[in-house]
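Engineer: According to TrEMBL, the protein has these features:
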REGION    1-28  region 'Disordered'
TRANSMEM  41-66  transmembrane segment
DOMAIN    44-490  domain 'Major facilitator superfamily (MFS) profile'
TRANSMEM  78-97  transmembrane segment
TRANSMEM  109-126  transmembrane segment
TRANSMEM  132-155  transmembrane segment
TRANSMEM  167-191  transmembrane segment
TRANSMEM  197-215  transmembrane segment
TRANSMEM  236-256  transmembrane segment
TRANSMEM  268-289  transmembrane segment
TRANSMEM  316-335  transmembrane segment
TRANSMEM  347-366  transmembrane segment
TRANSMEM  378-397  transmembrane segment
TRANSMEM  409-429  transmembrane segment
Amino acid sequence: MSPPSRCSSCDEPGDPMETTPHVDDGQIPEANVTPISTRQFWLLCCGVCSGLLLSIIDSSILATSLYTIGVEFQEHSLINWVVLAYTLGYAGFIVSCSTLSDIVGRRNAFAASYILFVSFSIACGFSKHVKWLIICRGFQGIGGSGLYALSMIILTQQCPPQLRQYIGSIIGVVIASAGILGPVLGGIFAQYTSWRWIFWMNGPIGFVSLIVFFIGWPSRRKMVHTHTTPWKQFDFVGTMLGITASILVVFAFQNAGESEPKTWRRPIFIAPLVVGLACWLALFAWGFAIEKWFAQSIAPVFPIELLRNRRYARSMLTTFLLGYPYLLLIFLFPIRMQVVSDKSPLLAGLTLLPMLGTAAIGSMVSGKVNAVKDHLSGTLRCGSWLMGLGFVLLTTVRGPENDARALGFLAFVGFGFGLFTAAATNVISVDVLTRQKGKDVLYSFTLLCSYDLLTLLPFSVSSWHSCASENIRGKPWRSSFYVVLTHRSH
């Protein structure tokens, strides 16, 4: 029997969770819940997906504009942190936002995340100094983490039964589109207007989509019940360990990447790396301790029991391994097109469109294949194989004469990513969504996906830094970038 729960639309935090299964006074039994109508779900989906789209776009939109921002502020040593600040806030607080939604309610948590995201997006656009831009990006990332995590949770939980087969494809299309539209939009703004519009556009879009979200939010009668956690069960220890581990590991590599080579052997690199890795080990140890001794009193940020679901565990691991080269491709391929092939920021961003189109097709194919019968394991394997094939083929690309071939290879990566993302999302729905820990699956899944960015950026952005800093000082930088982006050894 499922644990006791309250309607998450009743946003009254702090109610104690009962230890014996029963239906609270005024709560509608699950059997009597009227499913949300298809029309209302699509309205809710528009509001939620807009937030998901914006949060992911802002993680990659600076790929084609970072150089322009660095030149304007003349701060090549700090410009990396414009991207990293968002990612640290994004990954460091993604589980905290998800867990807090169990306390204050999904609707309130999503709305607060959206307001935080939009407010600091506008503040980023008005920044007069790179340090203020970095601070605003950090808070923007915290808001974006809530949009990302809660979007996947809300859509999966509130989806009507007749549409559940399509939810993975919907989320997959949004994620794939956002990751590739980021550099494209960044190139458009950098070439025709100002990079500040990258942040200002979030204001009107966010305002309209938030109104749509409130209109589409289901009434109490139609609300799918979710487990509510009191403040006393919030995992403060796990949250702090996760945030500390993320920040220290990223700081170690980022600081070493923008410093002289000897830094890799100095305490400034070794100390935060060792402490950060120790925090990761402590986080897992804390998860085991909660499972054994504090299961009834603490809601863990990363439930260890989820790893016992083999298909889910394989999906998580594969997502992490494939996410790194995919995100690296989104960041570095447009820069390669600008440096090696002399493309404008706009054209460099548009070169990712083949990957966007095939990713959308892959997501739809995955949804169709798994609509009637469960072929998720095969779809996951096929998607990962196609992505791996595309990555291997891209290592054969050399100079501008291979640009057309590179675009074809991007199509392999995009189609495989679409297949894999939609199937991985459906694994959550099929395997464990209906179990009492289903919400925790979504939390840990989004957590692991977001850490790909933390692993990626210290390496990819530091490569950008070594070249862009030379250009800001008026030195040639084409040769060094050519080595980084076109040699097979990369």
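In case you wondered, yes, glycine gets a Cβ from its N, Cα and C as well.
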Engineer: Which sequence positions outside the transmembrane segment (167-191), separated from its termini by at least 6 residues, show Cβ-Cβ distances below 8 Å to it?
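Structural biologist: For the transmembrane segment (167-191), the list is 45, 49, 52-65, 68, 151-152, 155-156, 159, 197-198, 201, 326-327, 330-331, 334, 344-350, 352-353, 355-356, 359-360, 362-364, 366-367, 370, 414, 417-418, 421-426, 429.
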Engineer: Between the transmembrane segment (316-335) and the transmembrane segment (409-429), are there three or more C-beta pairs closer than 8 Å, counting only pairs 6 or more apart along the chain?
Structural biologist: yes
Engineer: In terms of Cβ proximity under 8 Å, which residues at least six beyond the ends of the transmembrane segment (347-366) contact it?
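Structural biologist: Apart from its flanks, the transmembrane segment (347-366) reaches 63-64, 168-169, 172-173, 176-177, 180-181, 183-188, 329-330, 333-335, 337-338, 379, 383, 403, 406-408, 410-423, 426.
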Engineer: Can you work out whether the transmembrane segment (41-66) touches the transmembrane segment (132-155), with the criterion being 3+ CB pairs under 8 Å where the paired residues are 6 or more apart along the chain?
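Structural biologist: Counting Cβ pairs under 8 Å, at least 3, so yes.
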Engineer: Could you pull the average pLDDT for the domain 'Major facilitator superfamily (MFS) profile' (44-490)?
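Structural biologist: It averages 77.
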